[in-house]
Amino acid sequence: MMENSPKTRRLNILPDNPENTGDGVVGLGRFPSWLHRPLPKGNQLQITGQVINQNRLHTVCEEAKCPNLLECWTKKTATFLVMGKECSRNCGFCDIDFSKNPKPLDRSEPSRVALSVQQLGLKHVVITMVARDDLSDGGSSHLVEVIEAIRQTNEDVTIEVLTSDFEGNRKALSFVLQAKPEIFNHNIETVRRLTPRVRHKATYERTLSVLEQAAQKKYHSQLKVKSGIMVGLGETEEEIFETLLDLKRVGCEIVTIGQYLQPNRQKLLVKSFVHPDIFKKYEQYGLSIGIPHLYCGPFVRSSYNANLVLMRANQKEAIVNSE
């Protein structure tokens with residue numbers, strides 16, 4: 001049998017992991033203890049939901065069935081999903097609705113996002129987008145309109161964008177970077193070997209190219225470049241190390257690593273529930289190779305506690321600059 005075949009490849013499973021079926025697929029009926037947590041309390045959850053619904057907006061929290069929705073909405077934070085809720089791609093991990101012909105852009109959306117930011121009193125806002133390969137600029141101009149609308153009514157708000165790869169359109173990407181968000185995020189999602197299966201319309205190298213272009217900081221010297229990885233899809237520890245090295249090479253400064261959870265039965269199976277000790281191992285390795293900021297854990301998602309991530313990054317940078 002070949003050395004790199006799935007049957008012999010070492011998965012990120014510790015001995016106490018539940019229900020290993022023998023083929024690397026972990027039974028989904030029982031989550032390990034570290035994937036259980038208490039529900040948050042308080043009425044802020046309803047308040048956040050009301051603001052979003054009244055302004056006719058979408059969030060990735062809802063559309064992608066994020067496990068952190070209750071916690072984040074209780075903390076009065078949400079990741080706005082712009083350009084509709086229909087994506088022109090149908091990635092193997094994502095629960096957002098797929099459409100070959102997404103609905104036209106809503107030109108009132110930027111002002112409604114800005115109003116929601118104001119009503120929620122946000123200090124840091126995360127804007128993500130569906131892929132819009134049906135548009136000549138991939139939706140970059142609409143994303144910039146959202147950024148500008150937020151800034152017009154919320155001067156002190158910091159902005160993080162989580163974008164598609166714009167099909168490699170460097171001009172479209174430059175247009176977004178010129179809007180000077182504080183954080184530019186584009187997720188690599190998985191290791192090189194698994195990319196064709198996990199993100200069939202994206203490529204590993206294109207993602208690195210997008211991040212590298214952003215890391216040049218041509219328009220905004222204080223821009224921080226961020227990317228995220230899902231684990232539990234069948235990758236090995238060595239492949240995660242290689243991916244972290246690639247992210248470091250192209251200038252990525254913030255990396256998030258979290259557990260993949262199957263959003264519905266049509267999507268990719270979970271191959272392993274990764275133990276918290278392994279997440280700590282990834283964090284320590286990333287720091288050892290010079291990535292300044294890593295946030296790794298079972299419930300970590302690319303925009304999870306994004307305001308705290310930016311605050312800690314700025315604090316660490318200030319300490320380094322003062323030495």
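The backbone N, Cα and C atoms fix where each Cβ goes, glycine too.
Noted in Swiss-Prot for the protein shown:
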type	residues	note
BINDING	Cys61, Cys66, Cys72, Ser303	[4Fe-4S] cluster 1 binding site
BINDING	Cys87, Cys91, Cys94	[4Fe-4S] cluster 2 binding site
DOMAIN	73-292	domain 'Radical SAM core'
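Mapped onto this structure are the features recorded in Swiss-Prot.
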| residue | record | DSSP class |
| --- | --- | --- |
| Cys72 | [4Fe-4S] cluster 1 binding site | helix |
| Cys87 | [4Fe-4S] cluster 2 binding site | strand |
| Cys94 | [4Fe-4S] cluster 2 binding site | coil |
| Ser303 | [4Fe-4S] cluster 1 binding site | coil |
Rounding to whole Å, the Cα atoms of Cys94 ([4Fe-4S] cluster 2 binding site) and Cys72 ([4Fe-4S] cluster 1 binding site) are apart by 19
Going by C-beta under 8 A and a gap of 6 or more residues, the same-chain neighbours of Cys87 ([4Fe-4S] cluster 2 binding site) are Cys94, Ile96, Asp97, Phe98, Ser99, Pro102, Val130, Ala131
Cβ-Cβ distance under 8 Å, sequence separation of 6 or more, same chain as Cys91 ([4Fe-4S] cluster 2 binding site); the residues meeting this, in order, are Glu189, Val198, Arg199, His200, Lys201, Ala202
Those same-chain residues, other than Cys87, Cys91, Cys94, found with Cβ within 8 Å of the centroid of the [4Fe-4S] cluster 2-site Cβ atoms are Arg89, Asn90, Phe93, Asp95, Ile96, Phe98, Val130, Ala131
Across the domain 'Radical SAM core' (73-292), the model's average pLDDT, rounded to a whole number, is 94
